[in-house]
């Protein structure tokens, strides 16, 4: 593939192939690009996990990374994303990993550039590498997606993770239901909504979403304590979960809001496992790009 | 050479030698520093093209780069440029590429440090590596500078590019004329001024300059549309250009101000070619520094 | 050792062993980590010397560095230091060098993480790698600590350097006295206070401290000129120093405040020598961590 932009672009067999490759990396498989390839991580929004994780993946594959801080670049002089990407292409960059605040920013780029674009999050759109790492974590746990009950709880409307995950999990045979404050229901998702208590009781996977304080124009009507009580994974709710069911969260966690702080590293939690897997799925994505297109310069 | 500071320091034969080396790199020549050399790109002003381009050049030559963000450094504690550079020298850095807002900032440094300084732009002074990449682009196109007509149009007084280029092109035998708003004429340049229409008609090279909004204390008296109409390369003016003549711009471009957006990637445009060449001239500059001085540690 | 947090954690023989290793590096010894190790320099406060110096040390030992700018990270989304460090651990980082504004920030981390933490400065607490480089500089000069007179002058109460150095030098047999404005005396240090003139006359090592303007809630009652006259190392005071005595300063220097500008690079000054030694002690610290714990991944 030339670009990696959305989960909806991928067929089931392509998803499963990426997961297989990622799982192999998680078990110690090695692969290096045979010739030097320059890559840039172009993050217009703050990130720790995704950016560092791509960085580790890129280094493990032997890519050469150019540092790029948007706040010290010509973006300050008004340069557009298109012109920045074309510039990077001109100086020899072959892979650009982009996080940008604009939904579907990649539509202006994809047909007009020769380098490869990896979407690391577009506005309130998708976050497909996060989706893949969530899928890998679930697959490692249960071996399959078919018949699993997944409950996604929280800030659905602002979440790139919810949309990508719900779509992919359904395609792969899981039953996905959502929960959380009614005003955060996402009218674009074709999904059943249930109460948090019911979701927590039924689910094999309880997937919590971060409240994206930075994307809310108005403060929510609930205090943090009230949110935690009404929609969070409290210590009491965790006790209602099925045996062998797991807790996921894309992080960063708002402790004692979406989830009780003491549950972040509890036995059911796969939150730090998800981060580990992030490196492996990103290695798989980049390998697929480097192998199937002649991006090696 | 120990330092690379201004075009006026260089004799014609030195310029031509650097261009020859750069051209060889553009055709695939390789050269690596035999021993580890630490370099720092010290940018006190925002940059995408120049900084990334030096970075690619440095990596291709095998230099070890230390990241340095001015905004996270002791510059915030009031440390002077001199003390910062001496510090970098003390910890083992051998090449510092500097962009700084002060004209001729390097005068305080050049005689007092042992490491090599590469000027990546000083205030409204010079930008000699940009000049070299412009020269390379012109030489690749026309094979010579002698007899060429070059017209530089726009924000002359704030442009480091205009000054370096006019001086070098004249030394190398080209005829250089300038155009643009009268209030942006540069009294320090000994040059003929002509109308934009005449410039566009006569020139082999139409060299547009970016309006440096960030350097203007007062807003110009013209709107963007008015500037484009009066001084920009409009679609109509491009049609008046001579056969085989080319368009250059140091970028970032203000689209539909200095140049019609649809011309940025037109057949005559060498704007992205200039960026490609940036890597090669910077490799040539760094190689000259690394070879002719014992900066290898 | 797993972590390197404070000087008070170290026995004399451990200090001397680190100094011996650092001295060997200063004389050209080489050591490389046999397998790839990812490291991050996590600086929550601005730094040039310490950050770049760790960076050079890390590169010389063959570590793989992940760039991390706090200002472009999830720290902006409210992520705690603990969660950031655990995240880095999850994606494969094995060494984190931390500078943080909170005193003893490492107490929340040290027992709960598997990676190694190197303290590059905690609030107004300690700065143990700076201490080691000061010790190395003194040892290289005098061969011993026993019987030496050291006078530390200046902003004692805000200085991480003063506390670490006084404690270590006394343990190693030196006599340490302090001087400076009475309101900056540090009630937590068990030390004799003397006049600046007496200190300068008696000392083998005159150790000046930077006035930490950024940590003072109120402006000092003295102008810069007054401070220099009353407590600074003026040209006149330097003439009172003993033969073979030396001047040290952790830098960045406030020129003509703590020390006359013309003395910064004078014959007695070891200020840039200290920076050189910074690289070597940091190599020694990191080697000790990489060898004595199985952090190699």
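For all residues, glycine too, the Cβ spot is worked out from N, Cα and C.
Just so you know, TrEMBL annotations never went through curation; they're auto-generated.
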Same-site residue for carbamoyl phosphate (record: TrEMBL; known: C:49, C:50, C:127, C:130, C:251, C:252; options: C:11, C:94, C:99, C:201):
C:99
Can you count helix, strand and coil residues in the domain 'Aspartate/ornithine carbamoyltransferase Asp/Orn-binding' (C:147-288) using DSSP?
63 helix, 23 strand, 56 coil
Where does the mean pLDDT land for the domain 'Aspartate/ornithine carbamoyltransferase Asp/Orn-binding' (C:147-288)?
92
Recorded L-aspartate site residues C:77, C:160, C:210, farthest C-alpha pair in Å:
33
Do me a favour and check the Cα-Cα span between residue C:77 (L-aspartate binding site) and residue C:127 (carbamoyl phosphate binding site); whole Å is fine.
28
Give the residue counts of the domain 'Aspartate/ornithine carbamoyltransferase carbamoyl-P binding' (C:2-140) per reduced DSSP state, in the order helix, strand, coil.
61 helix, 25 strand, 53 coil
Quick one: of C:49, C:77, C:160, C:210, which of the binding-site residues has the smallest count of other CB atoms within 10 A?
C:77
Just give me the nearest neighbour of residue C:210 (L-aspartate binding site) among the binding-site residues C:49, C:50, C:99, C:130, C:252, Cα to Cα.
C:252
C-beta crowding around residue C:251 (carbamoyl phosphate binding site), within 10 angstroms:
25
Among the binding-site residues (C:77, C:99, C:130, C:160, C:210, C:251), which are close to chain A, meaning C-beta separation under 8 angstroms?
C:77
How many neighbouring Cβ atoms, not counting its own, are there within 10 Å of the Cβ of residue C:50 (carbamoyl phosphate binding site)?
25
